[in-house]
């Protein structure tokens, strides 16, 4: 603070010196003009220009908008000394106004000297805290295990026979099912081993028990035979199937009777089977449950596994060679085959021991960077790779407590060795064996601590030195007892969500960062306070006012009374009531100057004017005892209100803002780092496929198999229609089959002829039953009736008027022609009614001969058909007819002759 006052004094002094050197000496300004007593002439030499007198502090000026210092007025000598002094006073007032209004809230304080009524002391240094940190940080690699929810899967083979009994009633043109009975029968063990697996055939009969009664079904209601197994038409990706028949057998047709038909279809099907913990049962892909452990058997103590069936229903075959029913190839290596018969089917599968076929834990994550830290009574395993933190106890977890956990140690060692060889083989060494911890949420952590090669060498050297210092006959420390093998086993249940571990990791991440940051802040703050306390204890001896004001939090005055400080409260003074004088020289003592600028102030706006001296940090001193010898080159900056005043050669020069002075920071940097960004990646304990596959029964697979069963083992495209002639053909075929080879040959011919006749009749019947065929037949009948009607009319017309019927055009021309031209030449024709009688007689004769020729030809044709005698008789008759004389009579006139002539 004193440095600032000294600079201000130097500035004012320099300004006064510059003004004094440029202006002549002048009398002091009257106090009444400004209410301020100011020195107008500098001691030690003439002044060509009096320094400007500052304006009263009560005058308010407008607020400055720029912080650049105003240019100094040019030192041109005015024509009048009084005018020069007035101009200098105005300039100084303007500068002071700008300084005051730059920071309007800057207060001046009058601090009376303390009397010792109030004394204070400083607190002693405190003991700084230590920030909390984790203990026993250990780096290493880890393998995280979770509960194995996947079922145990294996292949099984089903043997069963589909029995279908259908009751059909046959009508004349249709058939109707009156009932269909369907059932499944198991295949006996002997037939599976001796027939199906050895020869690839199956018996056509099915013997099974229903309602505690044994029954037998015969395929096609015939005697027992061996039927060959053939591959199913449709094979899935996971299973194959074989069967003996495609079509259902229907009974022969007998109209108006109920008939029964039996179909036995032997089916062998490979299916997937699955079983879940505790493996007391398994289910097939068809949806059939088997209430027996898949590990049940008669070897290696497996008879203790669960079963719900009688002993005679189960059979275990050692040295079983399975056969591929498609290629007929035999397996190269034998297996132990389990066979179980149920009321509906027989199932077979390869037996394997329970250990190590199944494991209740499975590997989840392999973490190549895992940090273990001890917090209180727990371990926290954190990994940035998977953004999780696992919390465990400080004690290790024994693997012997895990039921069916043989795979944990094996898989953990393999994964740890693989990660170590890939990343840490050249830089680290393993510390001991893998350690196992059970984390919250059901996660088992296999942790392998690591140590860098450098630290390992240091530890080895230290260990060797400790061994050298120990006595030779020291008793070795007892080894830790191995965990008891009789400890109760349990199954670890793993939660399906990892969010709690993610939240724990986030909390630990934030907690570690915040605790570290707050710890550094607390330590730095405490140390800083202790350092400042030492400085304050020393600084209070130099400037007790500043130290006391900073400590109390408000402006006070203080002085040391031994080891304590006496303080008194300072009185604030409004900035408008304070003015600074332009000279720092003591007029009555040449060579002596004030070290701080002189000021005049009022406590109140209308109060009396008090002379004083500007102290440090806007303090107004009531005395003017701050003196110093005048020096050459004096320059000082003093805090005045919200800015600085500059004195040069103990005279006011100009003003400037605080921003124009370079600031040197005295703060201690606080090491606070921002929380680093961390992105969470999706992390699933169990994938969607694992959750879907965790159930004992896959309903999708069951429905798919049930709906695909008919497509695989039945012919759905062949249709057997109702046929009334089927019984007849079946009887004929059976009749000719019983007559040997000759009967079969004759039967083929007869069957062909009968088939043709039946086909023709069936074709006509089908054509007539068709609506379009019936319409065509109706149209043909109608056309025949119309033709018969016209033929009948023609015959009637021919009988009534043959000439008109035979020669309609000729008769029509004769009717329309001139009757006079028809008679021909001469008058005889005219007299005879227009007709020539001779020609008419010739026409009649021609017609008679035509009838005679027709009769002779018919007689000869009939005689040729009858024989030689008839032909001779016909010849004689013809000769007689040719020799016959003409008739000797004259034609009689018909009474209708006139009508006939009209028609002609």
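Just so it is clear, glycine is given a Cβ too, placed from its N, Cα and C backbone atoms.
Quantities reported herein were computed from a predicted structural model and do not represent experimental measurements.
Taken from Swiss-Prot, the feature compositional bias 'Basic residues' covers 60-70.
Around the Cβ of residue 570 (disulfide bond), the number of neighbouring Cβ atoms within 10 Å comes to 20. Among the features that Swiss-Prot reports, disulfide bond is placed at 111-570 (among others), with the record citing sequence analysis.
For 128-526 (among others), the entry in Swiss-Prot reads disulfide bond. Counting every protein chain shown, the number of other Cβ atoms lying within 10 Å of the Cβ of residue 526 (disulfide bond) is 15.
The disulfide bond feature in Swiss-Prot is assigned to 202-266 (among others). Around residue 202 (disulfide bond), the same-chain residues at least 6 positions away in sequence with a Cβ under 8 Å from its Cβ are 161, 187, 191, 195, 196, 226, 227, 229, 244, 266, 268.
Mapped onto three states, the DSSP output places residue 359 (disulfide bond) in coil. Here Swiss-Prot flags 359-407 (among others) as disulfide bond.
The annotation disulfide bond is assigned in Swiss-Prot to 593-630 (among others).
Taken from Swiss-Prot, the feature N-linked glycosylation site applies to 82 (among others), supported by sequence analysis.
Within the same chain, residues at least six positions away from residue 136 (N-linked glycosylation site) with a Cβ under 8 Å of its Cβ are 372, 373, 374. Annotation comment: Swiss-Prot describes 136 (among others) as N-linked glycosylation site.
Annotation for residue 393 (N-linked glycosylation site): spatial neighbours 377, 378, 379, 437, 438, criterion Cβ-Cβ under 8 Å with sequence separation of six or more. Sequence annotations record features per position, and here Swiss-Prot assigns N-linked glycosylation site to 393 (among others) based on sequence analysis.
Residues near residue 425 (N-linked glycosylation site) in space but far in sequence (CB under 8 A, at least 6 apart, same chain): none are found. Annotation source Swiss-Prot lists N-linked glycosylation site at 425 (among others).
The feature N-linked glycosylation site is assigned by Swiss-Prot to 486 (among others), with sequence analysis given as support.
According to Swiss-Prot, the N-linked glycosylation site annotation covers 671 (among others).
Look at Swiss-Prot and you will find 40-83 (among others) tagged as region 'Disordered'.
Annotation source Swiss-Prot lists region 'Disordered' at 467-490 (among others).
As annotated by Swiss-Prot, region 'Hydrophobic membrane proximal region' applies to 716-769 (among others), with the evidence given as sequence analysis.
Annotation comment: Swiss-Prot describes 728-768 (among others) as region 'Hydrophobic membrane proximal region'.
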Spatial separation of residue 128 (disulfide bond) from residue 407 (disulfide bond) - C-alpha basis, Å: 53
Which of 128, 266, 407, the listed disulfide-bonded residues, has fewest other Cβ atoms within 10 Å: 128
DSSP three-state assignment (helix, strand or coil) for residue 136 (N-linked glycosylation site): strand
Euclidean distance between Cα atoms of residue 570 (disulfide bond) and residue 526 (disulfide bond), Å: 31
Euclidean distance between Cα atoms of residue 111 (disulfide bond) and residue 593 (disulfide bond), Å: 23
Number of Cβ atoms other than its own within 10 Å, given for residue 359 (disulfide bond): 21
Cα proximity to residue 359 (disulfide bond), best match among disulfide-bonded residues 111, 128, 570, 630: 128
In three-state DSSP terms, the structure that residue 526 (disulfide bond) belongs to: helix
Most Cβ neighbours inside 10 Å, all chains, among the disulfide-bonded residues 111, 593, 630: 593
Inter-residue Cα distance where the pair is residue 570 (disulfide bond) and residue 630 (disulfide bond), in Å: 31
